[in-house]
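Q: Please read through the structure below; I'll follow up with questions.
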Amino acid sequence: MEKKRGLTLFIVFIILQSGEGRLSQSFYNTTCPILESIVRKVVEEKVNQTFVTVPATLRLFFHDCFVEGCDASIMIASPNGDAEKDAPDNLSLAGDGFDTVIKAKQAVEAKCPGVVSCADILVIAARDVVRLAGGPSFKIQLGRRDGLVSQASRVAGNLPEPNFDLTQLNTLFAKNNLTQTDMIALSGAHTLGFSHCSRFANRLYSFSPSSPVDPDLDPTYVQQLKEDCPQDVDPRIAIDMDPVTPQIFDNMYFKNLIAKKGLFTSDDVLFTNPASKPTVMNFAGNQRNFKAAFIIAMRRLGRVGVKAGKAGEIRLDCTTFNA
């Protein structure tokens with residue numbers, strides 16, 4: 001009996017240490033009951049200014065959670081250019097995502113000073129941009145604290161690359177307690193994304209010695225991509241990852257994969273690999289199934305590496321650690 005009690009206490013301790021046990025939907029009900037409405041208003045205003053806010057904020061959330069956990073470490077600005085956001089893999093993150101979180105934090109601070117973390121604000125904003133693009137609305141757990149570490153050197157190897165195969169994708173996501181289904185559902189967010197031409201140019205011009213163009217790409221799509229991304233293209237140019245409905249959160253991404261219009265090799269492999277193909281077919285044929293899986297995956301993603309309790313801090317300014 002004593003052993004069983006000891007094991008139970010140990011499990012509770014581990015949960016609390018991970019932070020996950022401290023998260024709840026009602027975390028700010030007493031300390032900042034209007035939190036979500038404040039953030040929603042800022043996000044809506046920002047999206048009305050530019051749609052880029054939607055994919056930028058969603059991608060910012062993903063990149064934050066996969067490095068150091070969901071702790072807003074991606075938000076830190078370093079005068080030395082050595083913070084997480086300065087890593088090569090993060091240089092393409094659009095400024096509108098950062099701006100959304102910064103403005104939401106300022107609005108929250110005006111009403112609830114020193115109470116709400118930047119990490120939670122980013123989670124709320126990511127949920128809200130999905131809804132504003134026609135995606136599902138869902139409840140989220142809150143109570144994260146902001147991290148105390150943000151280093152560019154800790155990013156490499158922790159984010160998926162555009163040339164990853166299914167095994168590499170699954171390994172990386174499993175490291176963050178995410179399943180293959182979670183990974184495929186989260187990849188569906190590419191229906192709102194954009195990419196710089198350099199991230200997939202090899203599929204158009206230098207795929208292999210025998211075939212400069214990746215044969216897995218639809219020929220008409222190849223021509224469209226070459227027009228948008230000629231070999232001497234300005235490196236700042238970015239194109240929509242979903243050529244059909246780029247501003248609507250829907251299941252078109254999966255339909256595009258079936259039509260050989262997946263922009264990255266890591267997109268394409270989800271359909272060409274028999275281990276993941278059935279899920280792609282399911283999501284392509286049933287939007288409700290995709291959105292339900294996306295909600296589950298977003299909630300799980302939001303629990304990755306959470307700091308809670310006495311860990312971390314509540315930053316007053318999202319871009320700098322407290323003094």
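Every residue, even glycine, has its Cβ placed from backbone N, Cα and C.
According to TrEMBL, the record shows the following:
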SIGNAL    1-21  signal peptide
DOMAIN    22-322  domain 'Plant heme peroxidase family profile'
DISULFID  CYS32-CYS112  disulfide bond
SITE      ARG59  site 'Transition state stabilizer'
ACT_SITE  HIS63  active site, proton acceptor
BINDING   ASP64, VAL67, GLY69, ASP71, SER73, GLU84  Ca(2+) 1 binding site
DISULFID  CYS65-CYS70  disulfide bond
DISULFID  CYS118-CYS318  disulfide bond
BINDING   PRO160  substrate binding site
BINDING   HIS190  heme b binding site
DISULFID  CYS197-CYS229  disulfide bond
Q: Which recorded positions are spatial neighbours of CYS70 (disulfide bond) here, meaning Cα within 10 Å, out of HIS63, ASP64, GLU84, PRO160, HIS190?
A: HIS63, ASP64
Q: Name them in sequence order: residues not among ASP64, VAL67, GLY69, ASP71, SER73, GLU84 whose Cβ is within 8 Å of the mean position of the Cβ atoms defining the Ca(2+) 1 site.
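A: Counting only non-site residues, the set is HIS63, CYS65, PHE66, GLU68, CYS70, ALA72, ILE74, GLY147, VAL149, SER150, GLY305.
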Q: Say you check the Cα of ASP64 (Ca(2+) 1 binding site) against those of the recorded positions CYS112, PRO160, HIS190, CYS229; which is nearest?
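A: In terms of Cα distance, ASP64 (Ca(2+) 1 binding site) lies closest to PRO160.
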Q: Cα-Cα separation of CYS118 (disulfide bond) and CYS197 (disulfide bond), in Å?
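A: It is 31 Å, counting Cα to Cα.
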Q: For CYS32 (disulfide bond), just count the other CB atoms lying within 10 A of its CB, please.
A: 18
Q: Distance between CYS229 (disulfide bond) and HIS190 (heme b binding site) at the Cα atoms, whole Å?
A: 18
Q: Based on Cα distances to GLU84 (Ca(2+) 1 binding site), point out the closest of the recorded positions HIS63, CYS65, CYS112.
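A: Considering only the listed recorded positions, the nearest one is HIS63.
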Q: Are there any residues at least 6 positions away along the chain from CYS197 (disulfide bond) with a Cβ closer than 8 Å to its Cβ? List them or say none.
A: ASP228, CYS229, VAL233, PRO235, ILE237, ALA238, ILE239
Q: Other Cβ atoms within 10 Å is the metric here; tell me which of the disulfide-bonded residues CYS112, CYS118, CYS229, CYS318 scores highest.
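A: Per the Cβ count, the most surrounded site is CYS118.
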